[in-house]
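> Okay, here's the structure, questions in a sec.
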Amino acid sequence: MDSLQIPWLTTAIAFPLLAALVIPLIPDKEGKTIRWYTLGVALTDFALLVTAFWQNYDLGRTEFQLTENFAWIPQLGLNWSLGVDGLSMPLIILATLITTLATLAAWNVTKKPKLFAGLILVMLSAQIGVFAVQDLLLFFIMWELELVPVYLLISIWGGKKRLYAATKFILYTALGSVFILASTLALAFYGGDVTFDMQALGLKDYPLALELLAYAGFLIGFGVKLPIFPLHTWLPDAHSEASAPVSMILAGVLLKMGGYGLIRLNMEMLPDAHIRFAPLLIVLGIVNIVYGALTAFGQTNLKRRLASSSISHMGFVLVGIASFTDLGMNGAVLQMLSHGFIAAALFFLSGVTYERTHTLMMDEMSGIARLMPKTFAMFTAAAMASLALPGMSGFVSELTVFLGLSNSDAYSYGFKAIAIFLTAVGVILTPIYLLSMLREVFYGKGSQAPLSLAAGEDAKPREIFVAVCLLAPIIAIGLYPKLATTTYDLKTVEVASKVRAALPLYAEQLPQNGDRQAQMGLSSQMPALIAPRF
């Protein structure tokens, strides 16, 4: 780092963490001061990062920028190494913006407000750290740092089954972390030079068996967070029991950490393994899309239906990163950003509805549109974005993934046709379960409208402001996608090109005599789906 350069990223990570440590010293029993303090810290951190990127980030470069590198624990080979590129920068902005809005959404939290605020700020530091660190061991530390806050936020401020949901979350994520750590150590200790530097690890020449095992470990660990079927079962429970602000961060940011890890580590560091796992990722992505959509139909709890919808939509990320195309990669990153805003908006508005009706069961909410017209309008807009209505960000991201897969030369025509057809089935199911959700919650039989909902008790200005801040980028990106894609276009092209460069080496290993049985014999690599066309 240049001696005159401001350590922007270190400041952005340390500031919320240090601010959280100050909270116990603030004299405030009712939490009124804590609200403004937490909002101020989150907003300051967001403004700091926007300023740093605006003044110092060059969109025309793909290498890491705003870099910082200090020896932290030399005995362990651990460096405080930070930097951002086109992949991490927009996700950091997403994380800080959603966390800032979540502090506004949590304005009415009165139970242990100091602890709640402190945990939110610790999570913010961890999220920025995950996206900014360039040391693999430091990445793992940041990854783990957000687990305990999420567990406490669900177990203390959640619903009736909060302990079950929180325990399930921590067990799943802890198990995934074991695989991430195992893969991290395997790569770092291979060869004579022990290093955790991500760029150095990406340059090592690993045996194929080690690369495949490390890839599988990362896939399981990140697959829990994404989540990928069948590692997804913690998500509906966590969402249904978590408070709305926590669900906003969980769906808007934490799920994206899984997608980021798959791109940053699995694709960039292990391209040879990625080309062998890519067909499996396509299959898992399609399963996510269709399974999530089908299970959403059976959910009578509003937040569980939205959780199933998240599982479905995150499947597009898997399909995009396994397409081997620039378009597919572009769509995968855009889907992460788009779903971050859309999911945060939907879970926030479900919380607004819950505060009035005191229920999440859709049949018990039936008929509240006439009492909450503003909430209904905002909820409808977010749902339209989720079902990929043209003019909204969800449409652009999903269409881009479709085009990326259809234009891929890495898969046989038959495989692509089946994959696109099944993905389209999931897309068709989405408006059915979302529109039925709107009908059941806001219309239905008016006589069943909750008695606890006072006439005219609609969304307040603070709540409208939060919803508008989430809906604005959804519409802006939908109308002019380059607002988002400009930040990462060059990076996605670089990553996709790096993976494609490894593909011919793999193609040369395939049987040249057209013996399909011989190809299918390498079942762990699924080569029959790969065509040597690059």
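Each Cβ is built from the backbone N, Cα and C atoms, and glycine gets one as well.
What Swiss-Prot records for this protein is below:
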TRANSMEM  6-26  transmembrane segment
TRANSMEM  34-54  transmembrane segment
TRANSMEM  87-107  transmembrane segment
TRANSMEM  113-133  transmembrane segment
TRANSMEM  136-156  transmembrane segment
TRANSMEM  169-189  transmembrane segment
TRANSMEM  209-229  transmembrane segment
TRANSMEM  243-263  transmembrane segment
TRANSMEM  277-297  transmembrane segment
TRANSMEM  376-396  transmembrane segment
TRANSMEM  418-438  transmembrane segment
TRANSMEM  464-484  transmembrane segment
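How about a rundown of where these features are and what they're close to?
Distant neighbours of the transmembrane segment (34-54): 6, 8-9, 11-12, 15-16, 19, 23, 26, 28, 66, 84, 89, 92-93, 96-97, 99-100, 103-104, 106-107, 113-114, 117, 120-121, 124, 128; these residues of the same chain sit at least 6 beyond its ends, with a Cβ under 8 Å from one of its Cβ atoms.
Taking Cβ pairs closer than 8 Å, the transmembrane segment (243-263) reaches residues 87-88, 91, 94-95, 98-99, 101-103, 105-106, 109, 120, 123, 127, 130-131, 143, 146, 150, 153-154, 157-158, 180, 218-219, 221-228, 303, 306-307, 310, 314, 317-318, 321, 329, 332-333, 336, 339-341, 343-344, 346-348, 350-352, 354, 495 in its own chain, all 6 or more past its ends.
Counting only same-chain residues 6+ beyond the ends of the transmembrane segment (418-438), those with a CB under 8 A from a CB of the stretch are 282, 285-286, 289-290, 292-294, 296-297, 302, 305, 309, 312, 315-316, 319, 362, 379-380, 383, 386-388, 398, 402, 405-406, 411.
Sequence-remote contacts of a segment are chain residues at least 6 beyond its ends whose Cβ falls under 8 Å from one of its Cβ atoms, and for the transmembrane segment (464-484) they are 90, 97-98, 101, 104-105, 334, 337-338, 341-342, 344-345, 348-349, 352, 374, 378, 381-382, 385, 390-396.
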> Give the nonlocal contacts of the transmembrane segment (209-229) in its own chain as ranges (CB under 8 Å, at least six residues past its ends).
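Counting only partners 6 or more residues beyond its ends, the transmembrane segment (209-229) has Cβ contacts under 8 Å with 172-173, 175-180, 182-183, 186-187, 190, 235, 254-255, 257-259, 261-262, 265-266, 270, 272-274, 276-277, 284, 287-288, 291-292, 311, 314, 317-318, 524.
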